[in-house]
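As written in Swiss-Prot, here are the features:
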BINDING   12, 13, 14, 15, 38, 39, 40, 126, 128, 217  NADPH binding site
BINDING   127, 153, 154, 188, 211, 224, 229, 230, 233  1-deoxy-D-xylulose 5-phosphate binding site
BINDING   152, 154, 233  Mn(2+) binding site
């Protein structure tokens, strides 16, 4: 078997590092062909020394220059590229077999679309591609003959729980024809699911980033605490699985053992279970339709004391309700909400606003954006930019 060339968009982030771990566990199957990051020179330098990619790219031009000099000094032949255009070109490189799209935020949008337009096999971990582009993105996957495989643990669980006919029709699944009655999206509820609501005003960034089950970056950890993460995943699931609002259900499952479920019309429920480790869905997508070793500890059923399920409380998780309503309002609303949330979460981490302010800023930003039918990627970027400015203004007020 010839080694698969993997391009990792966001190699210095949490998903990127987990992807490199899977590659390290399967050196005979995969090669880290190109590594892409933002401006973290040290992390990228260490990855280049260990994995010897053909290419490394950083979005920050000055950081790329420093990286290039360090690699030359250590006689590492990796070619260093810089800037957004170079990253998009790597995402579409003719020698790339699979693209791990894991750049967090709207910054990952254009490189991911480049991979899709090159007809690549895209392992999708970037939520924003679907949250902001939705129909545009799904249509591009179909029109350019790209293969889309969901990496998010919940969407990957749903994917694994669906019949092969649905797996081959991502974005256009005829759920009712296949006997699917509900897609059940599970979430841990974050670290504050039992915290009294009156204490929410005192929540600190340190408390918010301490997720009880998953190891994640700061932004995603805060999103998990507000359940915006689940809201974004709800939007993603609607697009990925062509699901109506009536075909969706969100439940809180504190143990994070069941990663999501599919309910069928005959009364069956198929669930995907496993230890909360992102290497499992990453390995599943990389090897699909086969399986490969991920380095993950097998689930020990004797250590699982209980599996519990709770109905989400929208008073506790206003961001979840906001995301559900934003999907119903249209693509402009989900794009604005996503942009505002990125700004609001960073402001919270920088101690400029309170934990409770995040949802308020997101909601007010959507209210201030005029309803608009998105026609193309330029429309998406325009609304994204508008929403960011509105959110920044709201933070200053």
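Placement of Cβ uses the backbone N, Cα and C atoms for every residue, glycine included.
Location within the structure of each feature annotated in Swiss-Prot.
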residue	record	contacts (Cβ under 8 Å, 6+ apart)
12	NADPH binding site	35, 37, 38, 40, 43, 44, 47
127	1-deoxy-D-xylulose 5-phosphate binding site	152, 232, 233, 236
128	NADPH binding site	105, 106, 108, 109, 232, 338
154	1-deoxy-D-xylulose 5-phosphate binding site	185, 186, 187, 233, 237, 259, 260
229	1-deoxy-D-xylulose 5-phosphate binding site	187, 220, 223
- DSSP three-state assignment (helix, strand or coil) for residue 40 (NADPH binding site): coil
- Task: Would you count the other CB atoms within 10 A of the CB of residue 40 (NADPH binding site), including those on all shown protein chains?
- Result: 17
- Could you check the binding-site residues 152, 233 and say which one's CB has the fewest neighbouring CB atoms inside 10 Å? 152
- Specify all same-chain residues, apart from the site residues 152, 154, 233, whose Cβ lies within 8 angstroms of the center of the Cβ atoms of the Mn(2+) site, ordered by sequence. 127, 150, 153, 155, 156, 185, 229, 230, 232, 236, 237, 260
